[in-house]
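Novice: Here's a structure for you.
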C-alpha cells in the first residue's frame, strides 16, 4: 500500500501581504492572512528576522516609493526547503516499500503488532500536512472563506481517493476498468489525509489564542485549545478501542472457481486488539459495510494466516476463521488518530512561525520528539503495542516523534548548513508529490504503459522501446 503525497506547501507565508496561488491540500496552499501575524519575514539562512520589504519594524508616515519585487534569491530563501525535502524522502520511501516489500520483509508493512520502515510513510505524510498548514494559515483575514476553501479542498482530495483506490483501476495485470458501487472501497490513503487535513485546518482557523509567544511555554498557552482537541480525540479513540463490546460476527468469501463459504468469527469480548475481534474492524463493518472494506488485509501475512509468513501464502490447516475477512487499514476509527498526528505536525509548524532563531526552533522540536518516543516505547513495553492497522496511541506518538527528529535533521542540513545540491532530487519529488503518487503508487503510469499495444497485449510500449513485455 502506498501513502499519499501530502500538502505541497513548504513556503513561508508572504509576510507583508499578497496571495500565493494554491490548488488545495495536495498542491500549494493559498495564502491566508490574519491581523495578529507578525510583520516580519524569517530569514532561514541566518535564522533571524528581517524587516518586510526593507522597511524597519517601526514605520513612519513619510512618502516612499513602492517597493520593488524581492530578488529571486531572497524569495527562494523564504521557502522552507527542508519541508519539500522531507516530503520527497517520504515519497521515495513510499515507492521503495511498495516495490521492495514483496521480497524484503523489513520493508513491508508489519502483519499486525510492531512497526517496519513501511509503517512510517503514512504518519510522515500526515505530519508534513500539519507543518504546512501552520505556514499556510499563518494569516486568516476571513475565517468563513478559509473554512469553505478548506472543505472544498478536502472534498476534492477525498473524491480523488475514491477514484484511485475505490477499485476503478484493477491493476497492471488485469487491465479492466470500472467498479461495482455495491463493493467500492470507501476509505483509503487520500481519504484519510483529507479527513485529517480538514479537521486540522479548521482547528488552525478557528481555535487559536492571541497571546504573545516568547518561550516554548507560550506556544502551549497560545494553542492550548488545539492541544485540548487532540487530547479529546485521543481519549475518545482509546475509549472506543478498549471499551466497545465486539460481538460474534460472520462473513462470506469465495475463491476463483470455488463455491461461496460462510465463516463465523467468535468474539464476544471487550478491549481486544487482535485482528479478528477489535473495535476498529467492528465499527467499519457496521458503518461502512464489510463489502466496502479493503479485501487484502495485512494480517493475511501473519503466522496464523500464512505458512509463508511474513509473506502471503497458503492458509495453515488450523488458520483462524478471520484470516480471509476484509479489513481496512485506513478505516474510520483509525483515521481518528490520524488527526492527532496532523495536529502534532501543526504544532511543529507553529515553532517556525513564532521563533526566528535556529536554536530556538531546534530546542522546541527535539524535546517533544524525544519525549514522544520515550512515551511510545514505554506504552509498547507495558502492552499498548504500536500497531499501524489500528493506529494505536503508542504508534501515533512513536511515528510522530520519529517524524520530528527526521524533520529536525533535514532542517539542520538543508536550511541551516545549506546542503542543497545533494537534496535537489528529493526537493523536486516533494514539490510534485501528488503527481508521483498518482502516476506510480496508484499504477496509473504502469497501466498506461501496458495498456497501449499492437494486436496483442504483449506488444505494448515496453516492447516498443526495447525493454520487453
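Heads up, the Cβ atoms here are built off N, Cα and C, so glycines get one too.
Grabbed the feature section from TrEMBL, which reads as follows:
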REGION    1-28  region 'Disordered'
DOMAIN    79-202  domain 'Heparan-alpha-glucosaminide N-acetyltransferase catalytic'
TRANSMEM  85-108  transmembrane segment
TRANSMEM  120-138  transmembrane segment
TRANSMEM  150-169  transmembrane segment
TRANSMEM  189-207  transmembrane segment
TRANSMEM  227-245  transmembrane segment
TRANSMEM  332-353  transmembrane segment
TRANSMEM  365-384  transmembrane segment
TRANSMEM  390-414  transmembrane segment
TRANSMEM  434-454  transmembrane segment
Novice: Using a Cβ cut-off of under 8 Å, list the residues of the same chain at least 6 residues beyond the transmembrane segment (189-207) that approach it.
Specialist: 1-4, 6-7, 25-26, 122, 125-126, 129-130, 133-134, 137, 140, 143, 146-147, 150-151, 153-155, 157-158, 160-162, 164-165, 225-226, 229, 330, 335, 338-339, 341-343, 346
Novice: Take every residue in the domain 'Heparan-alpha-glucosaminide N-acetyltransferase catalytic' (79-202), average their pLDDT values, and give the whole-number result.
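Specialist: Mean pLDDT across the domain 'Heparan-alpha-glucosaminide N-acetyltransferase catalytic' (79-202) comes out at 84.
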Novice: Quick check on the domain 'Heparan-alpha-glucosaminide N-acetyltransferase catalytic' (79-202): DSSP residue counts for helix, strand, coil, in that order please.
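Specialist: Each residue of the domain 'Heparan-alpha-glucosaminide N-acetyltransferase catalytic' (79-202) counted once, the result is 80 helix, 6 strand, 38 coil.
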